[in-house]
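Input: a single structure, listed below in structure tokens.
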Amino acid sequence: MGNGVQEHQAMPLTQGEVLPVPSASQAETLKPQTRSVVNSLLSGALAGALAKTAVAPLDRTKIIFQVSSARFSAKEAYRLIYRTYLKDGFLSLWRGNSATMVRVIPYAAIQFCAHEQYKRLLGGYYGFQGKALPPVPRLLAGSLAGTTAAMLTYPLDMVRARMAVTPKEMYSNIVHVFERISREEGLKTLYRGFTPTILGVIPYAGLSFYTYETLKKIHAERSGRLQPYSYERLAFGACAGLIGQSASYPLDVVRRRMQTAGVTGHTYGTIQGTMREIVAEEGVVRGLYKGLSMNWVKGPIAVGISFTTFDLTQILLKKLYQLRYNNR
């Protein structure tokens, strides 16, 4: 038996007869969820773009040290930045940032949107819909969001790493990087370093989102204010970035070495082999944690900007929608 709607649709229309138009309430039933997804995507894209652009020179410098055997120090990092500026100009400090934007905009959009959806799904499953999740689901939502985004955008991260460590004469643009890697090293190279990336993003994204959400929850309970001030959001995000990046940093170094092996003369093939070679040549701290002190500067800044921008953009979009709705 069909339902009433199906029976009505199956009957031919007589001349002058029209199908009933859905009421305004029926038309609006799917809009809140769709609007939430679109808002999350837009807010996440803006958050990622602003955060990464702000720290791009530091990020590029960190990658150069990560993929080389040169000893890292704050003085050497400064010298590298200064030499790059003298040789290639101020904008060269942002070399590879176009590739970063191509990657980070979809990555951040997917990650933040996925996090909101995973929170909703896990909240419904655990009976905490609309409320702060318990600790384990809170950690799980962040890890799943980061994993989802990394899986969908990984080749763009590979391209960005190549552009960051090579002279501009080697790769003229993003498309050129894809073409040369595919032709000279094979398509599989675009996924070199994928495993350590996923293994690293699970604790990184999980702990970052977990820390930020937890600090907001504690703040709301103790201050009585549901919405923190902007500077408080920045501080919460900085703490989240510091904890998340410190936990996953060795895998980040391994990932960069594997991604850039084709242009640095190394033959890194596996996670264990890459780790062993790094430790044998440079030691544990100077090798696997090379550039971490710079990450302690740029990481909190980037994550703080990212989380704060996402939250404030979400609030702004909701206010704009409410204003538009009220003016109808």
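Glycine too: its Cβ is placed from the backbone N, Cα and C atoms.
Any TrEMBL annotation is an automated prediction that lacks curation.
TrEMBL annotations:
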| type | residues | note |
| --- | --- | --- |
| REPEAT | 35-121 | repeat 'Solcar' |
| REPEAT | 133-218 | repeat 'Solcar' |
| REPEAT | 228-316 | repeat 'Solcar' |
The repeat 'Solcar' (133-218), counted residue by residue under DSSP: helix, strand, coil:
72 helix, 0 strand, 14 coil
Within the repeat 'Solcar' (228-316), how many residues are helix, strand or coil going by DSSP?
76 helix, 0 strand, 13 coil
Within the repeat 'Solcar' (35-121), count helix residues (DSSP H, G, I), strand residues (E, B) and coil residues, in that order.
76 helix, 0 strand, 11 coil
If you average pLDDT over the repeat 'Solcar' (133-218), what do you get?
87
